[in-house]
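Pulled from TrEMBL:
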COMPBIAS  74-83  compositional bias 'Gly residues'
DOMAIN    116-513  domain 'Amino acid transporter transmembrane'
REGION    69-110  region 'Disordered'
TRANSMEM  147-168  transmembrane segment
TRANSMEM  209-231  transmembrane segment
TRANSMEM  243-261  transmembrane segment
TRANSMEM  267-287  transmembrane segment
TRANSMEM  307-324  transmembrane segment
TRANSMEM  344-363  transmembrane segment
TRANSMEM  434-451  transmembrane segment
TRANSMEM  457-479  transmembrane segment
TRANSMEM  491-510  transmembrane segment
Amino acid sequence: MATLIRSKLSNKLTNAANAVSNKSQAKVSGMFARMGFQAATDEEALGFAACDDLDYDHRQGMQMDILTSDEMGGEGSGDGGVLDGDSHYQRDGTGPPHSASKDGGPTNELSEVRPQITAWEAGWNVTNAIQGMFVLGLPYAILHGGYLGLFLIIFAAVVCCYTGKILIACLYEEDEDGQLVRVRDSYVDIANACCAPRFPSLGGHIVNVAQIIELVMTCILYVVVSGNLMYNSFPSMPISQKSWAIIATAALLPCAFLKNLKAVSKFSLLCTLAHFVINILVIAYCLSRARDWAWDKVKFYIDVKKFPISIGIIVFSYTSQIFLPSLEGNMQNRAEFHCMMNWTHIAACILKGLFALVAYLTWADETKEVITDNLPPTIRAVVNIFLVAKALLSYPLPFFAAVEVLEKTFFQEGARAYFPDCYGGDGRLKSWGLTLRCVLVVFTLLMAIYVPHFALLMGLTGSLTGAGLCFLLPSLFHLKLLWRKLLWHQVFFDVAIFVIGGICSISGFIHSMEGLIEAFKYNIEE
């Protein structure tokens, strides 16, 4: 009898310790996510800084599987059972749903430990996500698309706004009383729910692979743009673009030792403000040359070979869907999410369209892949140095998120791990963990050296992962999970977006790969 009592007391103490530990982790992760959202610098950096919180749901599910089984095995009464609000973190999305509020609105049981943000704060996050550094490539898209390129900037804004809304709709289901209840928490949960019951984890793997590709490609783009900007800022110096890329990568090697992003996040807000100042400077210079604008150069023709690449560039500039579920879950009033999406994408559409058109009218056929390269030498050097600093400070965000996803996927402790854990018992990084990080940094350098084409890489990423995460998967998931409740016009929109997105993705991917292969062969021969 005494042994049984001691056993129960031991189980209760263990469960209580686990509960406190998990709640503390949730608070820290939520605080980090909010800091990352509000301070991030551009469309990729913002979404990728939030990947720690976004993927937390999926990773926490693995821990909760073990925690739940331990608690059930230790004590059936449930006194020290699963944390309230944490039971929905099951990997297959079959955990108990959240409870609804008294007024019938959807609530999140983790709201007590997650920091809440207003609609304006959420809008600031989305604005940073879709109006970041890579809008500098939009005038190049107008060069090959003319007025059709401008139309696509508007069309992409409308479609991405719509798919963002339907992606959030997939997080909810109706309970017995007909009230909407949030039963999923991330993009991965939605994907897994669509593939269940035959392949309960396939969808999550697909989303994670797309996420890793986009993260790594973003890191490569930062190295490419750094080398390109420095080379064009100081053309008289005997340093090639490849050499500048190597110098930039040398400055990025300390990223391999990152354990968190606290130090980097301090500079993020300054980088964002600097980027807006740079955009204003570019527009001001273009307006000063309004008398020389080449309106006759903007036509309704398209460059059949290069325009599909432009589609990828435009789509890539609107990517934000990957972190929207986490953002919506942290809003104080989730009913304002649709309104927030509307005004942020309308503002992005107007600003992007004006920026791309004004810049193209100023330089016409001489428009370069990165528009700041068209500025006069004196202005260009100053602006490009700020942009390089911004790119180098933004690099750790997607890099850290990519490393974390890889570590959790392949090095997580437990039966599912493919390799040993990257961290020791004392929390120190092991040799193979450091090797993984260094290899990733070197890989981004090699890609930047052999394929130093900003537009091609941006178009490829937008066509492959951007179109998939923003167009194809949200419309497919919406049809799969909610098709019985959709009206005929909603079904038509979803099917149309899926077909158009598929066509744009395939054509852009093929043309981008052709250009990349040619560039790769040229650099190998050189």
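Note that Cβ sites are derived from N, Cα and C of the backbone, with glycine treated the same way.
Between the transmembrane segment (344-363) and the stretches 147-168, 209-231, 307-324, 457-479, 491-510, it is 147-168 that has the most C-beta pairs under 8 angstroms. Proximity of distant same-chain residues to the transmembrane segment (243-261), defined by a Cβ-Cβ separation under 8 Å and at least 6 residues beyond the stretch ends, is recorded for 32, 36, 49, 223-224, 226-228, 230-231, 388, 391-392, 395-397, 399-400, 403, 429, 434, 437-438, 440-442, 444-445, 448-449, 452. Ranked by Cβ pairs under 8 Å to the transmembrane segment (147-168), the stretches 209-231, 307-324, 434-451 are led by 307-324.
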